[in-house]
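Enquirer: There's a structure below that I have some questions on.
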Amino acid sequence: MGLHPCSPVDHGVPSWVLVLLLTLGLCSLQATADSVLDPDFRENYFEQYMDHFNFESFSNKTFGQRFLVSDKFWKMGEGPIFFYTGNEGDIWSLANNSGFIVELAAQQEALLVFAEHRYYGKSLPFGVQSTQRGYTQLLTVEQALADFAVLLQALRHNLGVQDAPTIAFGGSYGGMLSAYMRMKYPHLVAGALAASAPVIAVAGLGNPDQFFRDVTADFYGQSPKCAQAVRDAFQQIKDLFLQGAYDTISQNFGTCQSLSSPKDLTQLFGFARNAFTVLAMMDYPYPTNFLGPLPANPVKVGCERLLSEGQRIMGLRALAGLVYNSSGMEPCFDIYQMYQSCADPTGCGTGSNARAWDYQACTEINLTFDSNNVTDMFPEIPFSDELRQQYCLDTWGVWPRPDWLQTSFWGGDLKAASNIIFSNGDLDPWAGGGIQRNLSTSIIAVTIQGGAHHLDLRASNSEDPPSVVEVRKLEATLIREWVAAARLKQPAEAQWPGPK
């Protein structure tokens, strides 16, 4: 196993490792002197097995798994390893939105590693074909976890720190993976911070109405009038459609194409509903650019836009523009290009990463969420197990296994695990699908008041609610304790006492 583009030198140590070792002395001094916490990540590729669990089909074939590494704050031989378990996206985007981990590395003198998930970003087992039908068979949670485990072992071996305590970090699906790493590979990972990790929902154990009910609650909490206006806008669109006033809908909402079929209406409803999902998840108290550029407090801004228009459908258009037309340069909404329906009703996005996530939502990740216009403010859009199964057969030729995560990763019964923090924000619609109470003295659940999707993983900001400041302090304390405990558990070197 090696790394690209660097090649091993004569003694078998990859050249990137030599660079890392040569710079350690300087970096250890800078860790306390630098006032700006830029981790100076370096991008590398690791030769990863394509298939960890089959010795025949792919033999020893490998692909390049991308990872980012920073030793800027690391005290070699004493500092831990902070290992981010990448999720459904480009690893640079995830690293750039996880500043708390960098801050914590500076405090605790840790080596930083951000590992990209197979089939996402540039970690493509079959190149550009990877997310096409017929090439996705190696995209599983288990394969991704094995990637992380093999990479971590190789890093520790190459750096000569086989006993360095490692803490896994992740947010959302990545938070699930960080918890799973602690559960499946406890000899490698001493603890995990699983931020906004919906481990219950994805195992098929949640309420299918919960997600969009909680999105609605965010907007109702901002303004009951806003939530009612959303209901009114969707009802007006439906009424106009039933009257055959397709051009009126297109003109008022601003679609590039006129609606002409029930399929178009469902697509429009999904397109608009997705905008609310994004705003609720990204409801941070300062401007961000994670899923796209958004202003501070986007739920509040969205409601203001909606209510500022006298015509409700035009108000809905103004709100959707926060997500789909942040530049203000789009003349209209291409509802089929900007939003693609998939096996995740909360949205897959577009492009290669979206196709990979759609496949995962068709196999192991169970996301059968409905909106019903009773417990939520959205049009009735069902997504049952039966509808999911048919979609996945048609799209990928696969049968979902709705109960598999309960079997493989315990569902919500995690009492036998240890050293995992499950953090959730009370504004995050994913929180209801996660662990929200302590399961033991070391399976800890914390709630961030005024917190959106994995707010605690983001860099400190002067606009942060007081709750997230306190939660980060708790997380830092627990992680420091886990690292110290892992050090104490390391076996002492055997001493040969000599002949009696």
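Along the chain as shown, the residues are counted starting at 1.
Quick reminder: no glycine exception, Cβ is built from N, Cα and C everywhere.
The following feature annotations were taken from Swiss-Prot:
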type: SIGNAL; residues: 1-33; note: signal peptide
type: CARBOHYD; residues: Asn60; note: N-linked glycosylation site
type: CARBOHYD; residues: Asn96; note: N-linked glycosylation site
type: ACT_SITE; residues: Ser172; note: active site, charge relay system
type: CARBOHYD; residues: Asn325; note: N-linked glycosylation site
type: CARBOHYD; residues: Asn366; note: N-linked glycosylation site
type: CARBOHYD; residues: Asn373; note: N-linked glycosylation site
type: ACT_SITE; residues: Asp428; note: active site, charge relay system
type: CARBOHYD; residues: Asn438; note: N-linked glycosylation site
type: ACT_SITE; residues: His453; note: active site, charge relay system
Enquirer: Reported as an integer number of Å, what is the Cα distance between His453 (active site, charge relay system) and Asn60 (N-linked glycosylation site)?
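Expert: Taking the Cα atoms only, His453 (active site, charge relay system) lies 39 Å from Asn60 (N-linked glycosylation site).
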Enquirer: Out of Asn60, Ser172, Asp428, Asn438, point to the one nearest Asn373 (N-linked glycosylation site) in space (Cα versus Cα); all of them are recorded positions in the record.
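Expert: So, of the listed recorded positions, the one sitting closest to Asn373 (N-linked glycosylation site) is Asp428.
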Enquirer: Which residue, out of the glycosylation sites Asn60, Asn96, Asn366, Asn373, shows the minimum number of other Cβ atoms inside 10 Å of its Cβ in this structure?
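Expert: Among the glycosylation sites Asn60, Asn96, Asn366, Asn373, the sparsest Cβ neighbourhood within 10 Å belongs to Asn60.
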Enquirer: Round to a whole number and give the Cα-to-Cα distance in Å for the pair Asn366 (N-linked glycosylation site) and Asp428 (active site, charge relay system).
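Expert: Asn366 (N-linked glycosylation site) and Asp428 (active site, charge relay system) have their Cα atoms 19 Å apart.
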Enquirer: Return the residues near Asp428 (active site, charge relay system) by Cβ distance under 8 Å, restricted to its own chain and a separation of at least 6 in sequence.
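Expert: Result: Ser196, Asp214, Ala280, Met281, Gly451, Ala452, His453, His454.
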Enquirer: Could you tally the C-beta atoms, other than its own, that fall within 10 angstroms of the C-beta of Asn325 (N-linked glycosylation site)?
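Expert: Result for Asn325 (N-linked glycosylation site): 17 neighbouring Cβ atoms inside 10 Å.
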Enquirer: Going by a 10 angstroms cut-off between Cβ atoms, which of the recorded positions Ser172, Asn438 has the sparsest surroundings?
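Expert: Looking at the recorded positions Ser172, Asn438, the Cβ with the fewest others within 10 Å is that of Asn438.
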Enquirer: For Asn373 (N-linked glycosylation site), what is the secondary structure state per DSSP, taken as helix, strand or coil?
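Expert: Asn373 (N-linked glycosylation site) sits in coil per DSSP, no helix or strand.
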Enquirer: Rounded to an integer, what is the Cα-Cα distance in Å between Asn438 (N-linked glycosylation site) and Ser172 (active site, charge relay system)?
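Expert: Distance (Cα to Cα, whole Å): 19 Å.
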Enquirer: If you measure Ser172 (active site, charge relay system) to Asn60 (N-linked glycosylation site) at Cα, how many Å is it?
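Expert: About 32 Å separate the Cα atoms of these two residues.
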